[in-house]
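The next block holds one structure in the form of structure tokens; read it before the comments.
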Amino acid sequence: MFLMNILCLVIPILLAMAFLTLVERKILGYMQLRKGPNIVGPYGLLQPIADAIKLFIKEPLRPLTSSKLMFTLAPTLAFTLALSLWIPMPMPHSLINLNLGVLFILALSSLAVYSILWSGWASNSKYALIGALRAVAQTISYEVTLAIILLSVMMMNGSFTLSTLTTTQEHMWLILPLWPLAMMWFISTLAETNRAPFDLTEGESELVSGFNVEYAAGPFALFFMAEYTNIIMMNALTATLFLGAFHNPLFPELFTVNFITKTLILTAIFLWVRASYPRFRYDQLMHLLWKSFLPLTLALCMLHVSIPALSAGVPPHM
């Protein structure tokens, strides 16, 4: 039965991830005044399936001087972690209702750094290594603000369990009282998932393709799948934290529809940003975090910690 639950979680995520690649190519196509994929199947709907078949039947080549174990392990770890992050997500019921769901998500997203570092180092290529070092520095840096923003939200929520956020947001979405944090959170999720305008890890003009430059076929597909699964996961988390859907226990389907709609809108904004903005310079990327976001989030976190103490009260549902 538990295996069935896992399959019911994993299969829709994989389908969503596959069609997100198609939606992205279509949106970018229309924003650049062209059609996008439209050959395979009606309106190009079977393109993701064709891509998957093509990638997984190709021979997985690797550089002669690369470390075989790490080279294979890195994409597998990246994809496994991307799927594991969904375990505590309330949709409306999570796979395992963890008491410290937020901490679990933070810990696993930090582990994703290892897969990037291993892939860059094991490839034995200077481009891959520089791309990996950039990606690691960027991911670790932006995780600092994500953690502080999460702490502020949890102060409003009163617990580290994600499912209680629906109760907290019954009367008002947290995006309204916490809008500066919500804006910084959204920009940080763009940087965390290595998306434009923060896609410095794959600067084509200087690094060819970043840390996965030596990968081909199946392992490359795993990295690609991990990236898009992470994008959907981050947007689902944003929807849960700041745009909580109303949960009526008699009609749990309404929660799911509401939740998916918000996640889709946020994902569309990700794609819109990618089509609209040029890439940041590396020093600008780091200045934005360490000189703008970090002082602001720390100040706002102190404010949210002091509010319950000053009002001698506790957060809503405790």
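Every residue, even glycine, has its Cβ placed from backbone N, Cα and C.
As annotated by Swiss-Prot, transmembrane segment applies to 2-22, 37-57, 69-89, 100-120, 136-156, 171-191, 231-251, 253-273, 293-313.
For the transmembrane segment (231-251), the partner stretch with the highest count of Cβ pairs under 8 angstroms, out of 2-22, 69-89, 100-120, 136-156, 171-191, is 171-191. At the 8 Å Cβ threshold, with sequence separation of at least 6, the transmembrane segment (171-191) lacks contact with the transmembrane segment (100-120), having fewer than 3 such pairs.
A contact between the transmembrane segment (37-57) and the transmembrane segment (69-89) is absent, since fewer than 3 of their C-beta pairs, 6 or more residues apart, lie under 8 Å. Taking every listed stretch (2-22, 100-120, 136-156) in turn, the largest tally of C-beta pairs under 8 A with the transmembrane segment (293-313) is reached by 136-156.
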